[in-house]
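Listed in TrEMBL:
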TRANSMEM  15-41  transmembrane segment
TRANSMEM  61-80  transmembrane segment
TRANSMEM  92-114  transmembrane segment
TRANSMEM  135-154  transmembrane segment
TRANSMEM  188-211  transmembrane segment
TRANSMEM  240-259  transmembrane segment
TRANSMEM  271-290  transmembrane segment
Amino acid sequence: SPQQSNVTSYGATTVAIISLEAFAGMWINAFILCVLCIGWVKKKTLNSNEKILLPLACSRFWYLCFSWVYCSLSITYPNYLYVQLTFQLTIFFQSFFNCSNLWVSACLCVFYCIKIANFRKRFFIYLKVKIDRMVSCLLLASLLSALAIGIIAYDMADTKLHNNHNSTRQGILSKLSGKMDENFFQLYFIYGFGFVTSFTAVMCSALLLLFSLWRHKCKMQANSMNSLSMDAHIKAMKSILSFLLMYSINFLFLMLSLIPSTKEENYKAFLSLLFLYAFPGVHSLILIFSNPKLEKALLRIPSCVKCKVCMR
């Protein structure tokens, strides 16, 4: 029956692992959303950092959700996925939230760079003064860019589904594969351009911030200032380097996932999925422990659970 699942051991293992990563990542980002929304309701306002974290957590939550649905159905029940409208909408939302995740992550890195780095250039001082007002514009531009890519992805998915149905009726599916790659070159190019631009923004921001912290470290050493302050700056450097490394690996696997030949090799496709599903959760966890408000709320959970157990 076409509705029956035909899953190999590789497919079952892949679905099990990405399900674990996706649900863990969704829980972590849902926690950030809940804490920020509760604080928003209580204080009636959000600071600039929280304005970026809120759409970032939201985009990562829904990206993991739609990616998990797409990957699970494509492996277990492809006949439920590759139908009119379901496939196009899944691709649209997956592309939209993936690009939102990348662009808002880049906005967060740029924001930290401008806020923390200390340069005496007039333009940089102007940005430091205006950055809080610019956050809303940066987020709006990121969401509009993601929406444009989502619409293009929807159109390409519709073309792919239509061509696949026609080729199945004519029995020439294998001959169409080369033509499909040509049709999807536009989408690959736009995706690649978006990934490269966001990665460049993250890399430049991280390098500028590292350079600023390194200069500050040299000044403190020259003036024999407090070692505790030195330790704090060294920890900040390590944190920025780890984020840049993680973002670089994520960028590499994102680019690999756009290459059709990679999808045909199980181990490469598996490694790509493994890291792409882990990144939104792991990086959000790092953001939680680097934010005192989120960290305090997270550490409060075990004590609340213990109290409920004791009350029983």
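Using N, Cα and C of the backbone, Cβ positions are placed for all residues, glycine too.
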Proximity verdict for the transmembrane segment (15-41) and the transmembrane segment (271-290), three or more C-beta pairs under 8 Å: yes
Selected stretch (most C-beta pairs under 8 A with the transmembrane segment (271-290)) from 61-80, 92-114, 135-154, 188-211: 61-80
Leading contact stretch, 61-80, 92-114, 135-154 vs the transmembrane segment (188-211) - CB distance under 8 Å: 92-114
Long-range environment of the transmembrane segment (135-154) - Cβ separation under 8 angstroms, sequence gap at least 6: 48, 51-52, 55, 59, 88-89, 91-100, 103-104, 106-107, 110-111, 186-187, 190-191, 194
